[in-house]
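Have a look at the structure below before the remarks.
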Ligand SMILES: [Fe+3]
Ligand SMILES: [Mg+2]
Ligand SMILES: [Zn+2]
Ligand SMILES: [Zn+2]
């Protein structure tokens, strides 16, 4: 790496090198300093609003080497988007300096995502001789909080929530030393000057965390709410647990089966010992969570192997700097089945902050839980709690203690959720560790804001060839989501300097995101984008399609507002960014009672049977599951079309079949029936024989060339069940039938319209088994298949598609 | 259908078509009844047309609604209804005994409400051009001195009271119209609210606003008030009284009782210092026996109604728009 002498490097030259991307707060200038001095170059480097700018002077070969290496050799947190060179007149001089930042001009640099504690910091954390031994806020230029503490630009300490913690002399020295790992590490802190950790316990609680379980919880609209959930009755007046060791006290509480709210990077978690079935059940009751799977945090890789088999790629994800929740095929009965009952996958992550490492115990610590449930600290459906006052109000009733600190969280950032699918990383929720890195766009867009959907909301700011997707905000149903959305939008606007010229939103008349865009757009145009068109455009964009050729978009999800006012969700669209036509869809069936049908899959099964002309035989699962009074009224309701929107939703068909097969009649969380149907199908293993077959006939209404009828599939399911075929086989055959429908629909589109590329998009493709079956079948038939990787197939990716439809510059494609 | 649903679409018709065309300061108030001054006297003046199907339903008929609806609109400005007009549009072939039953119902309801039908009109349209019987009523009444009921007077801290359990009327009408057999028969709550309002005003004239949550239900009334008053409204979901039979029917149909019509209930925004006394006066009246506090006006989220759910969660209760489409993906 080091070049011996300057003389060996040819005639003198001077270059200005501008590096754009995520290059601030990631140790870039010390890296440039080391690179330049190593090559024997003179000059200086500085942060500017445009990026890092270095001027180097020396032998031509050394300058060339500098330019060639600066991008590829960048530090781990840097993300180099572009490197520009400019030749200057030679000025002479010697030495290489890091000069003060220039802050004037338009901001073009990017803020890094939050990053897991690095190996160097971890070693110091565990080293009794280090001055940051066991410091819960240890970090450096290679790790620690970033996005979640940034309050403005330029990215320096004054513009973070660390502004309120003046550095001590020792930290200030490190901060100013270009040779130090903490040179300009904005979150730098130590025991002397950093944030403080405290464990808040309810008034009257015993120090060991024991308490008397109090009153019954209040009732709930959630069907799955259980009446027996005990909640702590204590009030908090900010009392700190005695003993001066908040971590030790929290670990003792967790070991005793308690629930602790833990303030993390992008919000609060609720934690309990995942090996303690009673503790898990307690948290489930308090959160009124039904059977929804919990994510767990595991001390290390060997402990992961106890829960699930992993492939090298999954291990790399688990231990990498992002540290997302990785969905793994769980071992049967891992953790007693309490953490993810009925689900095929278990969500696992490794510790990513010093507090997490300390909570799970360093070598030599007294034994404690090695697997913690770590679920977003929120009231069901609301955004993750970031505010300390809100935590006391909303989380204290759910927790036995709060492990808090005094470093504010600027914007919420939930844990990202990913899985490995066909050998690639696939997003389920793109949030911490990814946001706010931009997605590279295939064509230029005007400065624009796409507000996304109402569930799993993310929004997207775009300009030029960049699309910045926000972190996961949550469901817009909750008023708190509007505030979180507004805070995140302000921050992302500030750090990207995008001034939108156009807004994009969904066409659903009741979407709050769209109402927000409508209200706040001022004079700006607002483009309303059809839901499934946005899904298709998102898939095209992340795969770099410029939109000059139409593709087949298989958009399967639960609900999207259709242009005819129906609830779409089982669509084959032929489209590009500019528009789409509907080629094929599922036949419309009544959606009896809107959300009630979604929460009670047996209603969906009965509606599907009714639409298929199949009698409600009392021997059928959904008929038996439906209370007789409801059954009688439901019969009239579907006949009269009373509060029954027509729907072509594939998600609802999964619900219907899940109920028909007896897998799930009541959904306690979103897509529970479909998730459990997938789990059943996976259990069937191979050799299930042929799948069922959808009817496929020309559309009569002129709104689609083909209409797929689920009736024959339902009849086959019933015949199989009556013949004694196992539920798992039925589930597997249904998955095969859907994949077969996808293949037949796409083949027809290819024959009639010559399209060879298929995008699989929409929340239904969060079903890994279905996604794999469809992709395999299509590829075998010669199609090019686009599967989501960078953004989720569900509504978390919607904003990217809205942006492409609304803001693409038509002259740049 | 959607434009008559009492939600965002009818508001759109009024805002974009009628109000600009008619002009006038009185209409611009956009209350259920207009407050007008005539010869130095403050009058409430209101009209409403009744196109309900079926004509008869458990607990009432189109006749009861035609009287109580207009009486209640006047009551919401604090006025006791004095005189009503009553106009019929009859479809050719409507049976006389049916018309007679409706007329009797109107007479009985007027007597019960203490209002006199002072003028009327009848038109007949060709068979197939009507739905049997349409009724229009208009009414006037005196607004007592010192009473000024307008959403603009609502301020954060006001206590929100409903006069009783909600949802019965809409479910009762729907059950007959659609032939739904619920476990228990549900009767409409149709009733004249002038007496109840008088009892409330006897406690204090300083009530801020009253609304009868008819079409669009409690959700529509609260949203209208929140928007006009530029305050937020927080409702404790569990405090909203819903009869078990109505709750059950709504659950079975997938409806939210907050959006279901009522014909004999009111919602009041009351200054906190008067809330207890007003509540007590309401409970002492037969039509307010089930009165309860359901929430309050707040400074946060102006224009938005928020329901606090049992588990500490919150959800936005928005203005009903057409059919209730799910948003779940
Ligand atoms: Fe979707
Ligand atoms: Mg009225
Ligand atoms: Zn580090
Ligand atoms: Zn320090």
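Placed from the backbone N, Cα and C atoms, the Cβ positions cover glycine too.
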Of the residue ranges A:126-164, A:165-203, A:204-242, the one that TrEMBL records as region 'Disordered': A:204-242
Rounded distance in angstrom between the Cα atoms of residue A:29 (active site) and residue A:47 (active site): 8
DSSP three-state assignment for residue A:29 (active site): helix
Number of other Cβ atoms within 10 Å of the Cβ of residue A:29 (active site) across all protein chains: 23
All-chain count of other Cβ atoms within 10 Å of residue A:47 (active site): 24
DSSP-assigned states of the domain 'Acylphosphatase-like' (A:14-100) in counts, ordered helix, strand, coil: 21 helix, 38 strand, 28 coil
